[in-house]
Amino acid sequence: MEKQKLSVKNSITDYIEWLAQYGASADGGVTRLLYTKEWMDAQLAVKTEMSSFGLETRFDDVGNVFGRLSGTQSPDEVIVTGSHIDTVINGGKYDGAYGVLAAMLALKQLKETYGAPKKTLEAVSLCEEEGSRFPMTYWGSGNMTGVFSEQDAKEPRDESGVSLQTAMHESGFGKGVFQSAYRTDISAFVELHIEQGKTLEMSGRDLGIVTSIAGQRRYLVTLEGECNHAGTTSMKWRKDPLAASSRIIHELLLRSDELPDELRLTCGKITAEPNVANVIPGRVQFSIDIRHQHQHVLEQFHQDMVALINGICLQKGIRAVIDEYMRIEPVPMDERLKAAAFETALENGFSCEEMVSGAGHDAQMIGRRYPACMLFVPSRGGVSHSPKEYTSARQLEIGVRALTDLLYKLAY
């Protein structure tokens, strides 16, 4: 089928504003937490809009919404595109929502311009990615890929004590045949997303082609020393866990800077007990988050970090407990899909560059099971998870155009 020149017929910015009404806050932010009324209203609105585009729509058993354009030659070979509908508390309008709406608009325009594809296309509005209501992330893509089961919904609870399973049932989901095995019909997944960083804005390029999504490890480090008087305890006799933690964090940041490929290290949470100005703390806890695109780098840094913490604490007479509570492996994006994305960008005259995603995305979960790729558009100031999150209309439209043409290349 001969490819025609496509334009964005429906304003992506209008759709961004439309979806942002569901869970809108007074300062321009959006809060759409899994299985709340705002979330349910948004998913139903998306499903209705997909149907108006002529797509076959359905909910799966956890609340993911699919809009299907069946293929004529290989209907069982499905190319899925989309992102997540949920937000962080008082987040922005674009994170996740942009990828959902772009997927819908791309399928609408392809259908109107070319009719049915050879391979099946599906737009998906994934129910959850952020982990903002329950202490579990990727509930939507994790179910689609068979990583999670209904058993996994029983324990996680929100701040009100409501379990994930209860909230799911109260929203009308989780009562049918639960997706217990991964889908075998998906041949590719494409996710369009805002960058949530400032690399593209600084380089002036239109698109980022993601090469891999960084692996993550998170730790809670507990240091126990000796609580004592701030005025009467000599510096040389102290067993101060806060002083030890300061030295540990400083040394880890220095070491992360020395690596040739950037390792991102964050210590974003720290508590001291009893947290009194004139008392040497007896106990300190702090978090460590490390991210890198190569598994061997993460593993080596982990080993070096454990040795450093134990070494400093041994010198100071402090007991250390290191609890690794999250481990997500790096996921490379599919080479064939990346090449097709680059080709599409060049054909349209869009400037682009390869990027590693330091943030986790649904493509990371899905990319473990199926070929996947991600496209980024610029984020102004690199701001995200905030009401100030913003991407210009031109940049949004470039992303939709690139996605539409890439799907044409893959499915028609």
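Cβ coordinates come from backbone N, Cα and C, glycine included.
For the Zn(2+) 2 site, Swiss-Prot gives GLU130, HIS385; the one candidate out of ASP95, ASP158, ASP362 that the record lists there too is ASP95. Of the residues HIS169, HIS193, Swiss-Prot places HIS193 in the same Zn(2+) 1 site as HIS84, ASP95. With every protein chain in view, the residue among the binding-site residues HIS84, ARG218, ARG291 whose Cβ has the most Cβ partners within 10 Å turns out to be HIS84.
When the binding-site residues HIS84, HIS193, ARG218, ARG291 are screened for a C-alpha within 10 angstroms of the C-alpha of GLU130 (Zn(2+) 2 binding site), the residues that qualify, in sequence order, are HIS84. Calculated from their C-alpha atoms, the gap between HIS385 (Zn(2+) 2 binding site) and ASP95 (Zn(2+) 1 binding site) amounts to 7 Å. Within its own chain, ASN278 (allantoate binding site) has HIS229, ALA230, GLY231 as residues 6 or more apart in sequence whose C-beta sits under 8 angstroms from its own.
Highlighted in sequence order, THR87, VAL88, GLY91, GLY92, GLY96, SER132, GLN196, SER384 have their Cβ within 8 Å of the centre of the Cβ atoms of ASP95, GLU130, HIS385, the residues recorded for Zn(2+) 2, and are not part of that set. Each of the binding-site residues ASP95, GLU130 was ranked by the number of other C-beta atoms within 10 Å, and first place falls to ASP95.
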